[in-house]
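What TrEMBL says about this protein:
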| type | residues | note |
| --- | --- | --- |
| DOMAIN | B:76-267 | domain 'ABC transmembrane type-1' |
| TRANSMEM | B:20-38 | transmembrane segment |
| TRANSMEM | B:81-104 | transmembrane segment |
| TRANSMEM | B:111-133 | transmembrane segment |
| TRANSMEM | B:145-167 | transmembrane segment |
| TRANSMEM | B:188-213 | transmembrane segment |
| TRANSMEM | B:249-267 | transmembrane segment |
Amino acid sequence: MTTLTRGPEAVKLPAPAPAARRRGRWVSIVLFLLPALVLFLMLVVAPMLVAIYSSVFKWNGFGGLPTDFIGLDNFTRLFTSEIFAQDLWHLAVLVLLSIFVQLPFSLAIAMLLNQRIRGRALYRVLFFAPYVLSEVITGVLFSLILSPGSGMANQLLSVFGWESEWLADPNTVMPSLFLVMTWKYFGFHMMIYLAGRQNIPNELIEAAQIDGATGWKTFRHVTLPLLGPTIRISVFLSVIYTIQLFDLVWILTGGGPSHSSETMAVTMMDWGFKRSQVGYASAISVVMFGLSLVFALLYQRFVMRRDLEGATTSAGGRP
Amino acid sequence: MSRQRTKPATPRRNTLPLHVIASVVGLFMVIPVVYALLGGFKDNSELSGNPFGLPESWITANYTDVLGSGSFWLQVWNSTFIAVITTVLTVALAALAGFVFARFAFRGRELFFTLFTAGLMFPFAVAILPIFVLLRTFGLLDNPLGVILTQAAFGLPLTIIILRGFFRSIPGEIEEAATIDGCTPFGFFWRILLPMARPAIATVSVLAVVGSWNNFMLPLVVFSEESSWTLPLGIQQFQGQYASDTARILAYLILAMVPALGFYAIAERHLVGGLTAGATKG
């Protein structure tokens, strides 16, 4: 990866005195790198380490570093907690819904907008637009629309003689949350798929059609396999995002009613800031981190390996 | 993003079903926003009786009240200030570091670069408690700097990766020529590399602006005083304060959407290009 890089030392020149030159080079390296490195170590790496460290202490967050060491008690408490079990269940539900509903939907819309239909540029802009709105705007808007009783969604559905408690009912809160997530994020995945589709040479699609493949067969046996790397990336991003899901849930439901839509990040914020049990909250954040890390490593090792080995570039010709 | 024209799958196929599907999805996307836009012009009794139609009489008070309130503009200003300074800081530090990673060969380079790339794997939520404690220790709570520095630190990994990739693609001959003409490393960086990297700089800047503008979790824990609130905090608070006054909240939401959608309209290409490139090229 680094062989292409050409440092200044590759330049064959009547240079100033070599020693001074070398010193100047190191001064540049240090001066240029140091600001970013210091900021990164202070506000990313150090807090990460402190989070891991304080997860084995009983700590209210005050008075320097924690001192009341309690071993893995926070974790034992966490793994026997019913709320945490619910967090994991909600994570599983949202991940499965995302992979089997939201992403296929995004893919279908991307394929649709890849056709030459009138107004497709407008649709593309429109479908992606909610992605740039903040989670707070989205959350507040939908908490009004989905408000039980006379919210806009219920008034719309009353035409069909149907209504729902949406976010206020433990049985419908997760599907409602997922609906809002889809509204906000499917355009992002659609854009990724569109970009991936545009990297597929049209000759391949046309060749399949000349060979007599129908639209569906072309998609199933040519387009879909070639989109593989793109799809695997979008699944990856979706899962990592869901593990850390916070803003939307906090605004829409606060994790309720009675923890029925709570996520790990919401539980963590609850214990860390509302109840000042920073050690316990840190244990939650460590589990969140561990889950992301394990997922990322396993996924890259077993699912994305072919892509990382450069299968994407060979897709053009070699089978 | 290359806008390669795709040929129709089969020429002259009936595209009506596609139009129907696209329009239905389009309605799903648009209805909530249109509802909010029109709702802002109604009063609450009309809103519950006539949620979808045009307002019987266009009441502008909801919008003008928000626009006339100092707190809305203060939040817009706070959000803007924080987004701009965050972006400048992130891009400046990342450009310098990316320059070193791209153009200098030195021992430990890969180690440091790997450290930064590993930062992509650190979820922000995991670090929020220690960051809060750290900012409190340094007296940076209720200080925009607390949010700015943290956002910049977490923005560095992706920005460095994108800029390093771009800097590496600039031919070494240009650097040789500059050095022959007596350019120092910083002179080369400042006068040649940065101007050449303008598209990449634009992309990472747009990503940083949007990320900062929409950030909620960090301002939520850092800012407790109303005078330092950003828009997302203000919206959340406004909803709590006027819980039963739906029409007024809708007006606030619409006005809060305007800057984000306006920015999207201006920077759509960079935003979409940056996000999809970040996703598809790792």
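Cβ atoms are placed via backbone N, Cα and C, with glycine included.
In TrEMBL, annotation is done automatically, which means it is predicted and not curated.
In summary, the transmembrane segment (B:249-267) does not lie against the transmembrane segment (B:145-167): fewer than three C-beta pairs, each 6 or more positions apart in sequence, are under 8 Å. Away from its own ends, the transmembrane segment (B:145-167) comes close to residues 82, 85-86, 89-91, 93-95, 97-99, 101-103, 113, 116-120, 122, 124, 131, 135, 138, 193, 197, 199-201, 203-204, 207-208, 211-212, 215, 218-219, 222-223, 230, 274, 277-278 of its chain (Cβ-Cβ under 8 Å, at least six residues beyond either end). Counting only same-chain residues 6+ beyond the ends of the transmembrane segment (B:111-133), those with a CB under 8 A from a CB of the stretch are 97, 101, 141, 150, 154, 156-158, 160-161, 164, 217-218, 221-222. For the transmembrane segment (B:81-104), same-chain residues at least 6 beyond its ends with a Cβ under 8 Å from one of its own Cβ atoms are 112-113, 116, 144, 147-149, 151-152, 155-156, 159-168, 175, 185, 189, 193-194, 197, 201, 204-205, 208-209, 212-213, 219, 230.
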